[in-house]
Structures are given as structure tokens and as C-alpha cells.
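**Student:** Dropping the structure in here first, questions after.
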Amino acid sequence: MSVKYLTNRTLFQKFSTNLNKRFLATVSTTSKLEDIYDIVIVGGGIAGSALACALATSNLTKLQKRIALIESSNTSNIREWNPLQGEFSNRVSSLTPRSVQFFKDIGVWQNINEERIKPFSDMQVWDGISDARIRYNNESDKKGPLAWILENYNIQHAILKTLDKDKSIVDIFDNTKVQDITFDKDSGGGQFDLSDWPSVELSDGRKLKARLLVGADGFNSPVRSFANIESLGWDYNSHAVVATLHVDPNIENKTAWQRFLPTGPIAMLPLQNGFSSMVWSTTPNLATKIKSISSKDFACLVNAAFQMRVADLEYFYSQLGNNESVDLQSEFEWRKSVQLKNSDPKEEFPPLVLGVQEKSRAGFPLRMRNAESYIKERVVLVGDAAHTIHPLAGQGLNQGLADVHHLLQVIERGIANGQDIGDINLLRGYSSERYLSNLVMLGVVDKLHKLFGTDFTPTVLARSLGLKTLNNLEPVKAEIMKYAMGL
Amino acid sequence: MFRASSLSSQIHTRKFLLANLSRNILQSNLHRDNKNSEVIPIRTNYTSSTNSQISNLEKCTLAVSSALTAFCDPGRGDMIATLGETTGSIFINRMRDHMLRDKTGRRILQERPRIHSSTIDIPYLSSLPLGTFGKEYTNFLDGQNVTPDTRVKVQYIYDDELAYVMQRYRECHDFFHALTKLPANVEGELALKWFELAQTGMPMTLLSSIFGPLKLSSKERERLFKKYVPWALQCGSQCKFLLNVYYEEHWNKNIDEMRNELGIYLVD
């Protein structure tokens, strides 16, 4: 019997009973047929589970392939997600129209909790030193919103709900860690030579054999290290602080704001009227201080970060550790009154921050990475395992979803041609599509970060001139936004 | 800042500008003996009804003309002032940022103290014992026969906080003389201009520092560059930013102690 029979799921079921009986007598190192999978996805984050969901809904794969999804954490937290009104998780993502279309195609979008998502069509980005501003407004455009802001839990919950509709297609191993991945010399099914199939050893003792091993297991991907693929890049001397903010509820919250400070950009993304999500990339020192100050001072500091001069902010930073003898609120009000007398009244600012949600302040280090290759024989990397990016452009998750989309198309093509889907020549189609576009996006975001991270006067003047000019060139702006929206 | 104005108001501003220039050039030194006793507002009252601001081109013209006039007659403090205002916008912003980073600087920006004979009590300062900051200051004023009211008002800076910073910078000039013990002759003034260059980086100070010495004799110039300039650059760049000092609170302080605290050491 050749391996080809394994590709037909119904035949598999017929043969499995016979084969099992035959091998009962043999040594127990032989893997059981239930443990032989066509696709094993390691990592149940958004990218991994979206891939599982896409495979489960695709007509070509769902009946023919055995798919396993391995996730180390307990998915019941996500399945039982029941959020409170007026409280938002601090881990949010911005989804481009392309990602949303992908979710619609795989049937996930209908399960999203629509009350907790925020599409926005207006975006303002400005330089903290020179106040040069770029503004993009999409409201009158038929293309739809610029992006949607959702909590990550919302997305994961919707994906799991879609997967749970038909549990027979994807075998989800949750609460299971991957102990080891090896090339097991034991040739699996006896007649079948599976020695070149990666063998995934789980924490419950099972050993899965994978025709195609998908690494969707994040930054420290074990799949990537198994495949001996190096990850190239650098650590930014920055940490991102996230929080859920309570903002002025009287102002319509429909704009995404981002200000580039010399220490890093601070962004405010709308969640609902009165609630916004903040991502503030700054030095590790400041990040620690910001997370530890009182909520009242934190709210003042965020307001200052969006509205005050950089010199004022530096004064605030210097006062943060000192027993808070400075009343940040009155300092802010004084500077605001001076500013109002002398500045352009047309200049817009984000809504005033009134407070921060309890326990919503958290931080993580920022890095840039790209794997030297996305593919190996029978191994493919998607999402953060393949690349990591600075959050300033909101592209990380969207890149991962684009990876998943292309991988799906490549797998479907392989099946339609009767190919072995783990064949590296098939996988090259995925790599050639995604490697270059990811590299370009990573490069652009990295250069933006470096450009805006300095206060050297000639650079400031040059970039401010660039921003102002770009702001006035509507067609160029539209093209750039189309690229960012994935269209 | 440039405000678009209608044709008629442009004519007004041009007329005013010409009038201003001619007034400055034709009129003789008006400041050194003017003892104005009322509290002066920061800005001059414009005679023009439109009260509009000058455009960038007009600023450039003014910068060039005031530079030339100041070069020809270094006694024209008002020309130096105009040069400072028209060329110094980035640097005044920097000075304000320096003040914003310091606690005392912020207090000064908030309270906006003015130095004028109506706000500081000169007879009281004269009565202070020798060696205090107040006494040294009044000694300097008497020695040069000037009062603190001789500073030109800010005219071409339209942001009121920046106008205050410029005004404060001018008004503190005499304090710098007292602290550095430089005389008010041409040499001393030039040395102090180099000192201010190291502190603030303003182009006006740079221009004065480069073109001023051309008017000196070669011997004076040699002394200036051998002795005063190295001192000025070194002392100016390492001492505390002098606008962050609330001078009005230190009249009674011993001047040597004050110099120590600020990081100022005397020439030679």
C-alpha cells in the first residue's frame, strides 16, 4: 500500500481498522495511524487557528486531509469569553480590509461580536517636535473603513466558534505543549516510509507525524529551531506599553491618533465612545515608570504625551520617580492655557484622557525579526514565527493573516494537482509570494521608526517637510493608504 | 508667523515698516538716558490700525538692514535687538525648552517677573553690604550710568511666551555683567556676546561675535581672542543655563557663593 492512500480520508477510515490489527503485534515504537496527520499546526494563536479554520472550511482540504492544531494554553478561557460592557481587553489589533475579507471568506466574521468592534475612517499622524501633520480621511470613499479595531479575544473566540461547528475536521490539542520535534528514524506505518516526516512529541506522550508541519508558534518558535532556520534582526531599545483608556465620552471617538515622540510613537485607537486603546512605545526605563505611577498621573502623562511640547514631557519624566511632588494636572492645565493662546485653532487633538482601566497597563519588548527562510522540507512558518515587526503601523497581525491566506491557496493548489503538500517545491510558491512583501513592510516600518526616533534638527526639518508635502498630495496619500490597507 | 493680509493692510504694514526703519536709523540713540518710570508692556503699541505681523520677506529685509546698521554703529542696541528677534526664532524656542525642563525656569515662565525700576528696588539694593549680588549689580549700574529700563521692547515676536523669554533674556544681560564682572566697554560686551553664544546659540550673538571684533584695534582683538573668548566659550557652555535663575530671590546672596553654585568663574 502506498502513502497515496492516506490522502483520502474515507479510505483511511476503512483501512485503519485492518492496519491496526496487523500492527498490534509489532513493537510499540511504531506510531499509530491516528497519529499520522497531513497538516500539523503548532500554535493556536490567531494565525495558527485562522489557518486551521481556513483549512476546515476549504472544500478541497476539509474532507481529504487530517489536520491537527496544537495549542499550549487552555482554550476554554477563549471559548467562555464573556466580556463586560464598558471593559475592554488591553490586547487589541487593527485589522485591514484585506484581513477582514479573509475572515469573511472563511466564515469567521459572522461570529465576531459586532458590538465590540470599531471601524474607523480617519487617521492623524504627526511629528512630536515640529507638529508637522498628515491626515487621512476615508469617510466619503466607497472602499469602506481604513481599518477595524478589535480585541484579540474577540477574534480568537470567533475563530474557535467557527472551528467548533464541525469538530470532526480539525483535531484540536489544547492544553498540550510540544515537548520535542524530531525526525524519527522509525518509519511510522511499517509499509509507509515516513522517516522524512517530522515527528511532534506532545506533553501527553503522543507522537504525531506530520506531512506538513506549520509553525505558527510565535516569536520563539520551536518549529523554526527544529528546522534550523535562523531568525535575523535586532531588538529595538523600546518597550511598548498598552492600556485601555477612559476618554472624554462627549467627543465622537472615530479617529486613530499617533504622535511620534523622540522616544517612540504613542498611538490612541478608538474602541467606543469614551474608550480607547493606547500603545506607547518608549524606552525600557520610562516604560517601567509609566506602568507603576498612579492612574491619575498616568492619565495626565498620556494627555501631555499627545498635547505638550517634548521639553514639557521631559520635565514630567524627570519628576515621575520623585514622590510625585509635582501636580501634573495643574502643570498640564497651565501649559494648555499658554498653548491655546498661541497656536493654530484648527489643530486637532485626541480626546482628553480621564482615566485608565484597572490593571490594564502592560508592557512588552519590541523587536524586528525575519526568518532567513519561511520554508524547509515539510516545514513552513507563518505569523510571528516567521517575522516580527514594530507596532507603529498596525501591520503585524495583518501580515500573519496574509501569510495564512497564501499558504491556504498554495495547499489547495497542491491538492488539486495531486501533489504531496509537504513538497518543498510546492511550498516555494508560498515563500516567493510572502518573503519579499514581508521584507519590504518590515524594512519600511523599521526606517520610519529610525527616522522619527531622532531629534537632530536637520532630520526633523527634512521629515517635517516630507510630512507636510505628503499631506498635500492627495493621490500619493491615497496610494500609500491602499498599500497599508492591503488592497 | 505670517498672516495673509489684504492689499490695503499690506500697504499699511509697508508704510509702517519704512517708518520704523527710518525712525531707527535717523533718530539718535534714544535709550541710554530714557528714564521711563511707568511699567512698560512687553510689546510696542503699533501705530498702524491693522496691527498685523510682518511677513517672512519683511523679516529677512529687517534682519539684513539691522545687521548692517549694528555693524556700522555698535552702540545701536535697538538694532541688535531687532536682529535678535528676526533671526532667533528657533533658538528662542530652544531657550524656552531649556526653561521648561527646569523647575525654577518653569516658575519664571509662569510668574513672568519683569526687571524694571518699578519692580526692583534699586535704593534698597544699593544699601546691601558689599559682596552681595544686589550690591554688585547696583555698582555695575552706577559705574555705567544706566538703569534697568534701557532695554528695548520686543517687537517682532508674536507668541507671547516667546516674547517674554526674549524680554527676560535682554533684561538679565546686566546680571550677566555683574556675575562675570565684565565691564561694559566694547571688549567686555563682545566677551559677553561670546558667552551668550555658548549659552543660547542665537545667530545674533554669533554675528555680533564675528563682526564686532572687526571694529577693534589689532591689539584689542588679540587680547579678546587670546583671553576672553576661550574663557567665554568654556565658562558659558559648562555653567548653568542663566535664564533658569530667579535673580529677584538672590539679592542678599554672597556673589562668590552664587558664582560657585552657577559654575561661573572669572576671567584670569
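Residue positions begin at 1 at the first shown residue.
In case you wondered, yes, glycine gets a Cβ from its N, Cα and C as well.
In TrEMBL, annotation is done automatically, which means it is predicted and not curated.
Straight from TrEMBL, here's the annotation block:
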- B:H173, B:D174, B:H177, B:E189: Zn(2+) binding site (BINDING)
**Student:** Identify which of the binding-site residues B:H173, B:H177 has its Cβ surrounded by the largest number of other Cβ atoms within 10 Å, counting every protein chain shown.
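**Tutor:** Answer by Cβ density within 10 Å: B:H177.
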**Student:** Which are the residues of the chain, B:H173, B:D174, B:H177, B:E189 excluded, whose CB is within 8 A of where the CB atoms of the Zn(2+) site average out, their centroid?
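**Tutor:** The answer, listed by sequence position, is B:F140, B:F175, B:F176, B:L182, B:A184, B:G188, B:L192.
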**Student:** Once the chains shown are all counted, how many other Cβ atoms turn up within 10 Å of the Cβ of B:E189 (Zn(2+) binding site)?
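**Tutor:** Around B:E189 (Zn(2+) binding site), other Cβ atoms within 10 Å: 19.
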**Student:** What kind of secondary structure is B:H173 (Zn(2+) binding site) part of, going by DSSP in three states?
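**Tutor:** DSSP call for B:H173 (Zn(2+) binding site): helix.
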**Student:** With every protein chain in view, what's the tally of Cβ atoms within 10 Å of the Cβ of B:D174 (Zn(2+) binding site), excluding that atom itself?
**Tutor:** 21
